[in-house]
Amino acid sequence: MTKRIAVFASGNGSNFQVIAEQFPVAFVFSDHRDAYVLERAKSLGVPSYAFELKEFDNKAAYEAAIVDLLEEHEIDLVVLAGYMKIVASTLLAKYEGRMINIHPAYLPEFPGAHGIEDAWAAGVAESGVTIHWVDSGVDSGQIIRQERVPRLEGDTIDSFEERIHAMEYRLYPEVLESLGVKRHQE
Ligand code: GRF
């Protein structure tokens with residue numbers, strides 16, 4: 001049996017799109033009702049849900065609503081792809097060990113919300129991409145896979161960023177497959 005996945009994204013959703021083109025996605029969740037990822041889901045025919053933390057009394061109630069969705073859809077693996085919230089105890093209690101994240105830097109270098117910009121500003125010769133299990137820290141869970149991405153002569157932050165995203169689009173599908181998620185049937 002293939003693992004059933006849900007993808008969480010807060011904004012653009014390009015990683016979600018790459019994943020959904022290659023693997024069945026049970027649903028996408030966004031914590032922003034106007035996120036572009038929801039348009040992508042519609043075009044790809046992937047069910048989507050969106051609600052915002054501010055619509056709930058507290059984070060525990062917000063995460064309890066997410067857990068309900070995950071349980072309703074019998075999700076085996078939660079795939080964070082540009083989900084910009086820290087995962088808190090309600091969600092972790094149920095899904096730690098079944099939740100992965102992609103980070104656009106070579107962890108533990110440059111954790112946090114600005115991995116690409118921070119690496120660029122530090123003037124490093126190379127950065128990278130990391131996929132890791134989610135724990136209660138920020139980008140601190142056990143690493144599943146990481147690859148280096150060089151900063152090339154003549155790079156601008158845009159070309160550097162593009163090269164990092166290209167690595168993300170290559171690595172996430174490989175990792176999903178290695179974790180037992182089956183691709184779309186031909
Ligand atoms: C990616 O760079 C991912 O590593 C980071 O947020 C970005 C999301 O991009 N966590 P997108 O929404 O998949 O286009």
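Just so it is clear, glycine is given a Cβ too, placed from its N, Cα and C backbone atoms.
Database features (TrEMBL):
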- His103: active site, proton donor (ACT_SITE)
- Gly13, Ser14, Asn15: N(1)-(5-phospho-beta-D-ribosyl)glycinamide binding site (BINDING)
- Lys59, Met84, Lys85, Ile86, Val87, Asn101: (6R)-10-formyltetrahydrofolate binding site (BINDING)
- 3-176: domain 'Formyl transferase N-terminal' (DOMAIN)
- Asp139: site 'Raises pKa of active site His' (SITE)
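Checking the binding-site residues Gly13, Ser14, Asn15, Lys59, Asn101 for a CB within less than 6 Å of any atom of ligand 1 leaves Gly13, Ser14, Asn15, listed in sequence order. In the three-state DSSP scheme, Ser14 (N(1)-(5-phospho-beta-D-ribosyl)glycinamide binding site) is classed as helix. Using His103 (active site, proton donor) as the reference Cα, a 10 A cut-off selects Asp139 from the recorded positions Gly13, Lys59, Ile86, Asp139. Under DSSP, Lys59 ((6R)-10-formyltetrahydrofolate binding site) is assigned to a helix (H, G or I) in the three-state scheme. Looking at Ser14, Asn15, Asn101, the binding-site residues in this record, the fewest other C-beta atoms within 10 angstroms of the C-beta turn up around Ser14. Compute the center of the Cβ atoms of Gly13, Ser14, Asn15, which mark the site for N(1)-(5-phospho-beta-D-ribosyl)glycinamide; besides them, the chain residues with Cβ within 8 Å of that center are Ala9, Asn12, Phe16, Gln17, Val18, Ile19, Val37, Arg40, Ala81, Gly82.
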